[in-house]
Amino acid sequence: MAKYKIIMTGGGTAGHVTPNLALVPKLKQKDFEIKYIGSFDGIEKEIITKNNIPFFGISCGKLRRYFDVKNFTDPFKILKGIAQALKILSKEKPDVIFSKGGFVAVPVVIAASIKKIPVVAHESDMTPGLANKLSAPFCDKLCVTFRESLKFIKDDKGVLTGSPIREEILNGDKTRGKKICEFSDNKEILFIMGGSLGSKLINEEIRKNLDKLLKDFNIIHICGKGNVDNNFLNKKGYKQFEYVTEELPDLMKACDYIISRAGANSIFEFLALKKPTLLIPLSKKASRGDQILNAKSFEKEGYSLMLQEEEIKNNVLYEKVLELKKRKDELINNMEKSQAKSGVEAIINVLLRSVKVKK
C-alpha cells in the first residue's frame, strides 16, 4: 500500500495535462498512489488512460471571458462537477490535490477545499489563467514557472518552481525519429506544431511555402486532429501527423529547428533540448495574450525568434525560417547559458510539504 495518495486534475488542452505526466515517475518514487479527475470527453481522458492512471470523469462548464449563451448554463455544469468531485474525493480520500488548470480543475479544487484536502496548483504562463485565478483562493500553494508571475499571487501562496519537464522528452533517439519519418538524407529537419488542437494559420502558411522550404529542410508537421492534407501524403521530405505521443521524444531529438505556438510547457521543453525555435503565439483575438508574453520573454533572452500572427503575410514566414537557420549557433549558445531547469523536484517538494502540514 502506497504511503500517500494524490489526485491530479487539469484539462481542455494538452498543456493542462502533459505537465502532470512529468511528475508521475518521481511521485511513484516517493510512494504516491496516483489518480486523475478530468472531463468526460476532454483530451485528458485519452492521454491519462493511455498512461494507465485511473481516471474519473466529471461535468464541467467552460470559463469564458466573452458573451455566450452558454455562460448562463455552464455555471450549473460547474455546480454538478463540484458535487461529482465531492463524491469522488469522499470515496478516494486523497492526501493532496495537484491542479494544472483548465476549466475542469475548478470544481475539483473547490470540492477539495470543502473537504479540507490540501491543494497545490501550477501556473505555466507568466500571468495566471482564468481557471487558476478562480482556483487561487482555494489553493494552499500556487507554483509558477516565471519569476514575474509571483507579483500576481496573494497571501504568500506563490512558489517559484519552474516548468515540469517530462524526462522522456530529453531521452529521444535521433536515428529512430528519422526512421519514423522515412528521412534517409542529411538535410536539416524542421519540426512544426500548432499546439495540441492544431493551427489553421500555421498549417496553411507551411503548405503555401512547402516547395521552397523543402529545398533546405525535411519537414515534420504536427497539424492537429482532422488536419492532415491528403494532397501531400506522398510528398518527399514532408511527414504529417495529426498528433503524436510516444513518438514525440524521437521526433524532437531528430529535428534541428522548431516552429511552434508559445505555450509555456512546450517552450521550456524546447529550451531544455536546446532547439532553435520560431515562436508564433496565439493572438489576443484568440487568447488572453499569455503566449505573446511567453514568446517576448524568450525572444528577449535570445532563445527564440518571434513572429506575431498579424505579421504573417507574403513571404514573411519563409524569410523568418531562413533567419532562424542563419542564427542557429547564436540561439543555441544563448540557451546553453540558461539557468532554467525542470521544476519536477521543486513541485514534488511543495506537494510533500503540503501533505506533512495536513498530517
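Don't overthink the numbers, they just go from 1 along the chain as shown.
Using the three backbone atoms N, Cα and C, a Cβ is placed for every residue, glycine included.
Annotation comment: Swiss-Prot describes Thr13, Ala14, Gly15, Arg166, Ser196, Gln291 as UDP-N-acetyl-alpha-D-glucosamine binding site, evidence class sequence analysis. Annotation note: Gly15 (UDP-N-acetyl-alpha-D-glucosamine binding site) sits in a helical segment as assigned by DSSP.
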Cβ-Cβ neighbours of Arg166 (UDP-N-acetyl-alpha-D-glucosamine binding site) (radius 10 Å): 22
Fewest other C-beta atoms within 10 angstroms, as judged across Thr13, Gln291, which are the binding-site residues: Thr13
Cβ neighbour count (within 10 Å, all chains shown) around Ala14 (UDP-N-acetyl-alpha-D-glucosamine binding site): 21
Number of Cβ atoms other than its own within 10 Å, given for Gly15 (UDP-N-acetyl-alpha-D-glucosamine binding site): 23
